[in-house]
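Enquirer: One structure is given below, represented as structure tokens, and several questions about it will come after.
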2 protein chains.
Amino acid sequence: MNPLTIGKLAKQADLSVETLRYYERLGLIAPQQRSEAGYRLYRPDVIRRLRFIRRAQALGFSLEEIAELLALSGNPAASAGEVKALTQAKIADIERRIRDLERMRQALDGLAEQCPGHRATTVDCPILGALNGEDQ
Amino acid sequence: MNPLTIGKLAKQADLSVETLRYYERLGLIAPQQRSEAGYRLYRPDVIRRLRFIRRAQALGFSLEEIAELLALSGNPAASAGEVKALTQAKIADIERRIRDLERMRQALDGLAEQCPGHRATTVDCPILGALNGEDQ
DNA sequence: CTAAACCCTGTAGTCGACTACAGAGTCAAG
DNA sequence: CTTGACTCTGTAGTCGACTACAGGGTTTAG
């Protein structure tokens, strides 16, 4: 298991070659070295880094935020407080988005309940009525 | 209050002129006619249509979906069932997004709780630990 | 009558996370 | 030794909802 070419890494990590080059442009990963012909050669443990990225994405972090997390992760002298702060900011962000969606869902629920569906034409549709500002 | 030029309409509706032209490209609005010089002239009641669009956006509908809603709204023979179906699909969509976000929030919450923050370095940070796949 | 303020079309840029080439060079199997 | 699979760089396209020009023509206030 020596240096991986980008195609092998892509297969191992289940990502496309283009995505890997894209991550490199963003500074998320880098090949350990280049071959004489300029081919990227990766150490196998970059796969761990890619898994880090995927897990962080699943938690809602953007690639830019993940770059910060990776930088902190690579600096043993850095404080866990910074990671915690990023995490709490993300929690706040997610909570705000949830609240927005909850508000929409409630409004839509109320309207859908009132709507008689196929027993009426659009003229009597309370959903369209609300969108047309018939109440308030 | 006769035909509005696009600038006046933009002011009245609190939208930019560019946005109005963009909505026209998408088929959401159309000027009643054009002046001799080719200027768009709108009937004042297009403002109601723009409010419809804004309300629907606030409920989470995309402009493409709003075009459908407007088409149904303009067809008195159409069934309210179609509007209800669109609404219920949107509710389902929003609920799925809420569930995804809830899952993220829960995971982040758990991690943030365990993290000692500034009392530790990143080496002992459980958040980074989790991202590195230390558990499971 | 002139200058500011308006309007037109058409094109391109923004954000984020990719995806898809084109055109060229390189490597590995048979 | 050839052919196919791989890799390189660089550029452009995708989605959605705008936003921002450039380079013209038109209208209106003073």
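Quick reminder: no glycine exception, Cβ is built from N, Cα and C everywhere.
Automatic, uncurated: that is what TrEMBL annotation is.
According to TrEMBL, the record shows the following:
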COILED    A:84-114  coiled coil
DOMAIN    A:1-72  domain 'HTH merR-type'
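Mind mapping these onto the model and telling me what they sit next to?
Expert: If you look at the coiled coil (A:84-114), the same-chain residues 6 or more away from its ends with a CB under 8 A from one of its CBs are 59-61, 65, 68-69, 126-127, 130.
Averaged across the domain 'HTH merR-type' (A:1-72), pLDDT for the predicted model comes to 96.
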